[in-house]
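For reference, the structure discussed in these notes is given below.
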C-alpha cells in the first residue's frame, strides 16, 4: 500500500523568505520548486508521493522581476524564483527527507552541510509511531 503526505512550510521569521525545493534522483519535482512566504505565512504542498526524496530550504534577500528572474543573497538556485532542478548555493540550511513507501520508514534531517542561513525546524504531524522533531529554531547568526 502506498501513501502520500503533505508538507506544510511556515515562515516564523520576522521577514520574507523564499523557500526552494529540489527532488532527489528518481523523484519527481514537487508542485512548486520556489515561492515566497511573508512573515507568519504558511503554504501546504499536498500529494507528495510515497518514496519521494529531496530537499527544502529557505532563501533570503531575494529580488525577482515579473518573469521570476533575479537573485537571492543566500540559498540562491540559479537566479530564478522557481528552482527547476537547481539546488541551493551555500550558505543554505537544508531540510532533507526520504519518504518510505508501503510500511517502510521515513528518514529526515536538518542539515548544515551547505552552511547556515536560517533557523529551520521540522516537526512531523499525524504520523504513526514515534517521530521526533529536529532542527534549530534559534538564529545562529545572532
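Please read every residue number as a count from 1 along the shown chain.
Cβ coordinates are placed from backbone N, Cα and C, and glycine is handled just like the others.
According to TrEMBL, the features are:
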- 62-72: disulfide bond (DISULFID)
- 77-83: disulfide bond (DISULFID)
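The structure, with features from TrEMBL marked on it.
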residue: 62; record: disulfide bond; CB count, 10 Å: 20
residue: 72; record: disulfide bond; CB count, 10 Å: 25
residue: 77; record: disulfide bond; CB count, 10 Å: 24
residue: 83; record: disulfide bond; CB count, 10 Å: 27
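Geometry remark: residue 77 (disulfide bond) versus residue 62 (disulfide bond), CA distance 11 Å. Taking the Cα atom of each, residue 72 (disulfide bond) and residue 83 (disulfide bond) are about 12 angstrom apart.
Residue 62 (disulfide bond) is 13 Å away from residue 83 (disulfide bond) when you measure Cα to Cα.
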